[in-house]
Amino acid sequence: MAQATPIFNFSAGPAVLPKEVLEQAAAEMLDWHGSGMSVMEMSHRGPEFISIYQQAEADLRELLAVPPNYKILFMQGGGLGQNAIIPMNLAGCCAQPATIDFVHTGSWSGKSIKEAKRYANVNVVASGEAGGFTAVPQQASWNLSSGAAYLHICTNETIDGVEYNFVPDIDARVPIVADMSSHILSRTIDVSKYGVIFAGAQKNIGPAGLTLVIVRDTLLDDALPICPSAFHFKTVAEHESMYNTPPTYAIYIAGLVFAHLKKLGGVAAMEKINIEKARLLYAALDADDFYENRVAHEYRSRMNVPFFLRDESQNDKFLAGAKARGLLQLKGHKSVGGMRASIYNAMPLEGVQALVDYLNEFAGR
Ligand SMILES: *Cc1c(COP(=O)(O)O)cnc(C)c1O
């Protein structure tokens, strides 16, 4: 089948993967490296899969410069699973019930707050709700608890398009837990500033079904007694993420993505391209008042770009025209409407350029 128009997929997740990775996975589908087996068919305890797992772990450690006193866990249950798994693992640190501090910056931190209430007292230290979730509340305005078990933030709100441009500077005894599901590996980070980093894989890493957790080793053993063994950080860490069967194929694809990122120059190189992609797209949205992105400029996400047409009666026409040009999955999240372009690592600059060309054409520029 001849494919005249290149396809660019702007889905928020599950999302686009690097073409090279999918091609390699296809080539290795039936017989991984002469083993005679598909990765899906391998025992997670066999030497073949162990080598895949160890390479993925080592590559991720290198890409994010994860310090040796941090464990990398390959878990299941998604980002929403972590909303329960993290309080169950950390809230046992102190007198019961523990208090957890949250910054409410949009839909995903909102869900985290709701879930945590089942396990602890919740203190919302600041909220962007009154402003329609268009900014991260300034840290000076946060009303932090004394003796909180931890502070939870969502460093990139996938639906609202709000991204932190700073790391909170708080009492060093209070660990920072960061939901980085939709921007992990898109920019350099200092892992040592966080107690726990977690990310569902299906946004910027690989297939759904894998959840990455990076946790400081001092936080492995503060679990509430109700915490299930399969989700207990210490148990998972002691078993090298194989207390129960891990999502082997998803780990394999994630490993291919990590190797691919290394080949491209690592996270710093990706960040450079991501800055350029975001600059191009926001410039087209800001060019006149045909489109609108409502997020304060300094907190605009480099990964998820929600926008509205001023004349919303043109939404269907806009989406149909986009699809005809190979620009897919631009419809906004149902809770906010409008459009959303997710421009993760695997979205090439040419994809953003194609979208910008279409935005200009549709606006009659
Ligand atoms: C997608 C997403 C989640 C939820 O992930 P699931 O895998 O569906 O549980 C959580 N947090 C953020 C920031 C997300 O983008």
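Using the three backbone atoms N, Cα and C, a Cβ is placed for every residue, glycine included.
Features of the protein shown, as given by TrEMBL:
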{"type": "DOMAIN", "residues": "7-355", "note": "domain 'Aminotransferase class V'"}
{"type": "BINDING", "residues": "ARG45", "note": "L-glutamate binding site"}
{"type": "BINDING", "residues": "TRP108, THR158, ASP179, GLN202, ASN244, THR245", "note": "pyridoxal 5'-phosphate binding site"}
{"type": "MOD_RES", "residues": "LYS203", "note": "N6-(pyridoxal phosphate)lysine"}
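Structural mapping of features recorded in TrEMBL.
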residue: ARG45; record: L-glutamate binding site; CB count, 10 Å: 9
residue: TRP108; record: pyridoxal 5'-phosphate binding site; CB count, 10 Å: 23
residue: THR158; record: pyridoxal 5'-phosphate binding site; CB count, 10 Å: 27
residue: ASP179; record: pyridoxal 5'-phosphate binding site; CB count, 10 Å: 28
residue: GLN202; record: pyridoxal 5'-phosphate binding site; CB count, 10 Å: 23
residue: LYS203; record: N6-(pyridoxal phosphate)lysine; CB count, 10 Å: 28
residue: ASN244; record: pyridoxal 5'-phosphate binding site; CB count, 10 Å: 14
residue: THR245; record: pyridoxal 5'-phosphate binding site; CB count, 10 Å: 11
Alpha-carbon spacing, ARG45 (L-glutamate binding site) to TRP108 (pyridoxal 5'-phosphate binding site), which is rounded to whole Å: 35
Close-lying binding-site residues around ligand 1 among ARG45, THR158, THR245, where CB distance stays under 6 Å: THR158
DSSP three-state call for ASP179 (pyridoxal 5'-phosphate binding site): helix, strand or coil? strand
How many Å lie between the Cα of the residue listed as 'N6-(pyridoxal phosphate)lysine' and the Cα of ASP179 (pyridoxal 5'-phosphate binding site)? 12
In whole Å, could you give the widest CA to CA gap in the pyridoxal 5'-phosphate site formed by TRP108, THR158, ASP179, GLN202, ASN244, THR245? 30
Mean pLDDT for the domain 'Aminotransferase class V' (7-355), rounded to an integer? 98
